[in-house]
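Here is the structure we will look at.
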Amino acid sequence: MTQSELARGFGRVSRWPKRHVLVGFCFLATFICYIDRVNISVAIIPMAEEFGWSATTKGYVLSSFFVGYLLAMIPTGWLANKYGGKLLLGVALIGWSLFTFLTPIAAGVSLGALLLTRVLMGMGEAASFPGVYNLLGRWIPKQEKSRAAAVNLTGIPLGTIFALSTTGLLVSAYGWQSVFFVFGASGLLFAVVWLRVVHAKPSVHPTISAEERALLAELENSEADDKEPIPWGLFLRHPSIWALFINHFCANWTLYLFLAWLPSYFRDVQGLSIAGSGLFAIGPWVCQFLAGNLSAVVADRWIAKGISVTFVRKFMQCGGLIGGAAMLLLAAQASTPGMALFTLCAAFGVSSMAWAGFACNHLDVAPKHADVLFSITNIGGTLPGIVGVALTGVLVDLTGGYTATFVVAAGINVFGAIVWLLFATGEPIVGAPQETQA
């Protein structure tokens with residue numbers, strides 16, 4: 001490529017709306033976040049064989065990450081609100097990437113050292129979504145929120161797909177230790193780029209166009225209110241916030257079940273190889289990527305046509321949870337790898353309608369405090385990573401299979417749908433710009 005071709009390429013990038021570039025970098029941060037979170041779900045298969053771990057011990061190792069994630073959730077939300085998502089997420093990227101790199105070293109020392117390293121890594125990743133939601137709240141207008149949130153959330157399935165497809169290959173070629181060295185180093189490099197390229201808000205971006213600045217004027221004009229107190233009391237007593245909290249828990253129960261245990265399920269129950277287990281586990285995440293983005297596009301179009309935001313959020317969330325529950329019950333009866341793959345793909349694909357449900361509802365109900373609100377509800381979203389992931393290991397040891405885990409997940413989905421239908425809203429309860437409140 002010639003120098004003039006490079007210049008033309010950079011010129012095209014420079015003409016992209018800066019808010020879209022920002023969303024792209026948020027996606028990449030989430031992509032790396034989930035690579036580092038997921039790779040151990042494949043690497044733990046040879047790790048367990050090498051160290052002689054039971055399914056229960058595997059569950060403890062997999063869930064230890066979420067202990068740190070939970071401990072740091074509220075502090076990182078406060079830090080995002082005080083210092084901004086750019087700085088917080090840049091520092092967090094360095095932290096969790098470093099502890100990813102140190103994981104095999106800690107495993108060679110002792111189980112306790114490994115658990116501590118995973119806890120510290122979880123504390124770093126706790127800043128990922130508060131940081132992203134802080135940036136989206138500052139950069140994204142109302143009519144683009146569903147799609148912006150969905151693009152960021154796309155990093156979850158794509159990061160997971162990438163991790164599942166490459167981890168098995170790295171394990172086969174270079175050993176399980178290489179997984180953590182490669183991905184940890186990659187995250188550290190991205191952190192440097194993030195800190196140089198991302199800007200905290202439109203007002204400090206040096207090359208934003210006048211047209212885009214005018215489009216974001218409503219968000220810019222609300223900057224003076226950024227220091228207003230966080231409405232902790234309202235968040236704790238409002239029924240729609242509790243609906244968000246509970247649905248974050250319910251939706252993430254299935255998410256973390258798949259995230260942590262799907263490769264082991266295909267290995268132990270369906271008899272696939274380590275590499276084959278990782279590849280089969282990709283299918284549900286592909287379906288989540290496709291269906292989640294489609295749901296977000298449909299949701300934004302409905303809202304643009306004047307359909308109530310509350311109706312859209314309830315339709316997407318309840319449809320995803322109930323449909324996902326039905327497919328999980330079918331997955332519990334799957335007797336072949338093909339049938340298991342089909343039902344689990346359907347379950348996760350339908351469940352991703354929640355991308356246009358609870359997952360972007362924080363931006364609806366508290367647009368200027370979405371970072372802190374996400375930290376609050378993500379306490380509920382993190383509990384399945386601790387309780388659900390560990391409980392799965394215990395249930396597998398007790399029952400010798402995964403049927404009970406799928407049935408439990410289906411029941412939790414139904415409960416979440418009922419709560420959401422009764423108490424959720426798509427209207428602002430605090431921190432709305434003046435024209436939104438009118």
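The backbone N, Cα and C atoms fix where each Cβ goes, and this holds for glycine too.
Please treat TrEMBL annotations as automatic predictions, because they have not gone through curation.
Non-local neighbours of the transmembrane segment (21-48) in the same chain are 13, 57-58, 61-62, 65, 89, 93, 96-97, 100, 103, 107, 118, 121, 125, 128-129, 131-132, 135-136, 139-140, 148, 151-156, 158-160, 162-164, 167-168, 171, 175-176, 179-180, 183-184, 186-187, 190, 194, 197-199, 259-264, 267, 274, 277-278, 281; each lies 6+ residues outside the stretch with a CB under 8 Å from one of its CB atoms. What TrEMBL lists as transmembrane segment is 21-48 (among others).
According to TrEMBL, the feature domain 'Major facilitator superfamily (MFS) profile' maps to 22-428.
Summarising the annotation, TrEMBL assigns transmembrane segment to 60-80 (among others). Long-range contacts of the transmembrane segment (60-80) within its own chain (CB-CB distance under 8 A, at least 6 residues past either end) are made by residues 37, 40-41, 44, 47, 53, 88, 92, 111, 114-115, 118-127, 130-131, 133-134, 230, 256, 260-261, 371-376, 378-379, 382-383, 385-387, 389-390, 393.
The annotation transmembrane segment is assigned in TrEMBL to 87-109 (among others).
The feature transmembrane segment is assigned by TrEMBL to 115-136 (among others).
According to TrEMBL, the transmembrane segment annotation covers 148-170 (among others).
Sequence-distant contacts of the transmembrane segment (176-195) (same chain, at least 6 residues past either end, Cβ-Cβ under 8 Å): 25, 28-29, 32, 35-36, 39-40, 42-43, 46-47, 50, 86-87, 89-90, 93-94, 96-104, 163, 167, 170. Residues or ranges marked as transmembrane segment in TrEMBL: 176-195 (among others).
Only residues 6 or more beyond the boundaries of the transmembrane segment (241-262), in the same chain, are considered here, and those with a CB under 8 A from a CB of the stretch are 37-38, 41, 62-63, 66, 156, 160, 234-235, 277, 281, 284-285, 317, 320-321, 324, 328, 344, 347-348, 351, 354, 357-359, 361-362, 365, 373, 376-385, 388-389, 392, 402, 405, 409, 412-413, 415-417, 419-420, 422-424, 429. Among the features that TrEMBL reports, transmembrane segment is placed at 241-262 (among others).
Outside the transmembrane segment (282-303), and at least 6 residues removed from its termini, the chain residues within Cβ reach (under 8 Å) are 143-147, 149-151, 153-154, 156-158, 160-161, 164-165, 258, 262, 309, 312-313, 316, 320, 341, 344-353, 355-356, 360. According to TrEMBL, the feature transmembrane segment maps to 282-303 (among others).
Feature annotation from TrEMBL assigns transmembrane segment to 315-334 (among others).
The transmembrane segment feature in TrEMBL is assigned to 340-360 (among others).
According to TrEMBL, the feature transmembrane segment maps to 372-396 (among others). A Cβ distance under 8 Å defines the sequence-distant neighbours of the transmembrane segment (372-396), meaning residues of its chain 6+ beyond its ends; these are 54-60, 62-63, 65-67, 69-70, 73-74, 76-78, 80-81, 129-130, 133, 230, 235, 241, 244-246, 248-249, 251-253, 255-257, 260-261, 268, 358, 362, 365-366, 402, 404-405, 408-409.
According to TrEMBL, the transmembrane segment annotation covers 402-423 (among others).
Sequence-distant contacts of the transmembrane segment (315-334) (same chain, at least 6 residues past either end, Cβ-Cβ under 8 Å): 247, 250-251, 254, 295, 299, 340, 342-344, 346-348, 350-358, 402-403, 406-407, 409-411, 413-414, 416-417, 420-421, 424.
By the count of Cβ pairs under 8 Å, the stretch nearest in packing to the transmembrane segment (402-423) among 87-109, 115-136, 148-170, 340-360 is 340-360. Counting Cβ pairs closer than 8 Å to the transmembrane segment (148-170), the top stretch among 87-109, 115-136, 340-360 is 340-360.
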